[in-house]
Amino acid sequence: MDVLLNLTINGIATGSLIFLLAAGLTLIFGLMHVLNFAHGALFAWGAYFGVWIYTQTDSFLVGILGAIVIGGLLGWLLERWIIQPVYTNTMSQIQVTMGLLLVMNECLKVFFGPNQVSVRLPDYLDQSWLLGGVILIKYRLFVIAIGILVFLGVQYMLKRTRLGLIVRAGVMNKEMVQALGINIKKVFLYVFILGSSMAALGGMLFAPYSGVIHAGIGMDYGILAFIVVVIGGMGSIVGSAMAALLVGVLGAFMTYFVPSVALAVNMLLMFGVLMFRPAGLFGR
Amino acid sequence: MTLLKVDRIETYIGQYHILQGVSFEVKQGEVTVLLGRNGAGKTTTLRSLMGLNPISTGSITFKGESIHHLPTYEIARKGIGYVPEDQGVFPDLTIEENIRLAMQKSDDATLERRDWILNLFPDLKTFWKKPSGLLSGGQKQMLAIARACVNDNELLLIDEPSKGLAPIMVEKVMNVLQEMKDRVTVVLVEQNFYMASTIGDGYYIIDDGRTVHSGQMAELKVNESLKKEYLGIA
């Protein structure tokens with residue numbers, strides 16, 4: 001029983017990290033219909049630059065804030081100069097964003113070297129408690145708490161603010177939103193910046209969670225995020241949150257009990273969901 | 001006074017040359033009806049006015065200012081409300097959210113207009129917090145018109161408001177449009193000749209993407225040959 005509880009907590013923590021990456025991806029696809037394969041690179045850039053700032057300042061919090069800012073800046077640059085010209089052409093979007101992913105990953109190797117970078121936890125988060133047989137690791141609880149806060153924040157933005165109202169309407173009918181006098185391109189930019197910041201935050205939180213980072217984490221976690229978005233339903237934040245938890249927890253259990261099929265389980269889960277709900281669990 | 005002037009506009013959708021020279025003028029305070037058979041180019045004309053299908057040649061002037069080069073949102077902000085053929089309501093948003101989204105300001109004048117339009121359409125008040133996807137076709141039409149009226153728009157472009165509605169609902173929508181005539185100028189695309197002829201002041205007939213006839217509605221009502229030739233009304 002204790003093992004099951006431990007695995008569940010680990011899975012939820014991993015799910016929280018995947019959610020941070022998938023939430024931006026699903027918002028961007030839902031509103032803008034942009035398939036952004038470079039989204040994973042923002043995760044990796046957030047990890048590398050956040051850790052670099054953390055090392056320079058010796059403040060994990062400043063590292064997190066730095067990652068968020070860098071993610072937002074990158075999001076602004078990418079949307080404005082690279083994604084905007086290919087909004088209407090899906091094939092170009094795939095080619096451009098795939099190319100961007102490769103270039104951004106290689107840039108990390110140029111800036112930080114080809115080797116893995118070790119990341120240590122700040123002392124105040126490097127603790128654990130034993131509760132019965134369950135090991136509660138403080139940093140995992142911290143990651144889960146951040147995931148919940150971001151989920152609630154995004155839900156608040158979507159349900160309670162005018163920007164959220166425009167985003168929800170834009171997902172349904174972009175033309176009509178414009179015909180009501182709203183500059184949807186500006187909203188696209190805001191959503192892209194928000195999504196990119198969340199991805200970078202996810203990367204920064206992942207770094208001490210994993211202990212080491214390398215340039216390929218963007219690719220690895222980017223694929224996971226795409227699976228989560230497909231399972232949850234394109235454009236659904238709640239769907240992404242549920243699917244991220246499902247993928248995180250299932251991954252933790254399979255890695256422990258049947259490690260030989262752990263890598264395939266996400267794909268199988270996605271096929272299973274798509275067979276019965278082609279639009280995903282919460283998609284339309 | 002001429003509020004809107006459309007001069008020989010041409011519009012392509014993909015490779016198809018849909019509008020091949022549509023021209024008309026809209027006088028302030030009047031209801032101008034665009035008539036024509038299915039596929040004549042009436043809906044594309046309204047979409048071109050809103051910048052949703054940009055024109056390739058010609059010009060569109062609103063209050064003396066050229067607007068055809070502007071993006072859709074700026075055209076709307078000039079004071080043009082649009083009710084599309086499919087109503088364009090956001091089904092997952094409540095009626096209140098649909099209206100709030102459309103409100104460009106939240107000043108007293110806008111709130112007063114909102115209350116006025118809700119009094120015209122009491123059904124909207126009844127279902128205020130319900131998702132608009134649950135509304136009937138007629139109620140969605142009411143919401144679409146309400147949304148277009150909530151701002152201080154001087155011109156409304158309304159595309160086939162009677163389409164798919166029960167006769168009683170058509171009558172209701174017609175009464176509302178009659179009542180709105182005092183406040184706003186209207187360009188109405190309408191296949192229902194009874195409705196068009198009841199509320200329209202002037203008319204233009206569009207056929208094969210061109211304006212082929214125009215005049216006062218009172219004249220058209222008695223011109224049986226014209227109605228038969230272009231509108232298929234025997």
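Just so you know, the numbers here start at 1 and follow the chain as drawn.
Glycine is treated like the rest: Cβ placed from N, Cα and C.
Since we're looking at a predicted model, the values are computed, not measured.
What TrEMBL records for A:12-30, A:37-54, A:60-78, A:137-158, A:187-209, A:221-249, A:256-276 is transmembrane segment.
Here the listed stretches are A:12-30, A:60-78, A:137-158, A:187-209, A:221-249, and the one with the most C-beta pairs under 8 angstroms to the transmembrane segment (A:37-54) is A:187-209. For the transmembrane segment (A:221-249), same-chain residues at least 6 beyond its ends with a Cβ under 8 Å from one of its own Cβ atoms are 7-8, 11-19, 21-23, 25-27, 29-31, 37, 39-41, 43, 101, 151, 154-155, 158, 171, 202-203, 206, 266-267, 269-270, 273-274, 277, 279-284. Long-range contacts of the transmembrane segment (A:60-78) within its own chain (CB-CB distance under 8 A, at least 6 residues past either end) are made by residues 38, 42, 45-47, 49-51, 53-54, 100, 122, 125, 189, 192-201, 203-205, 208.
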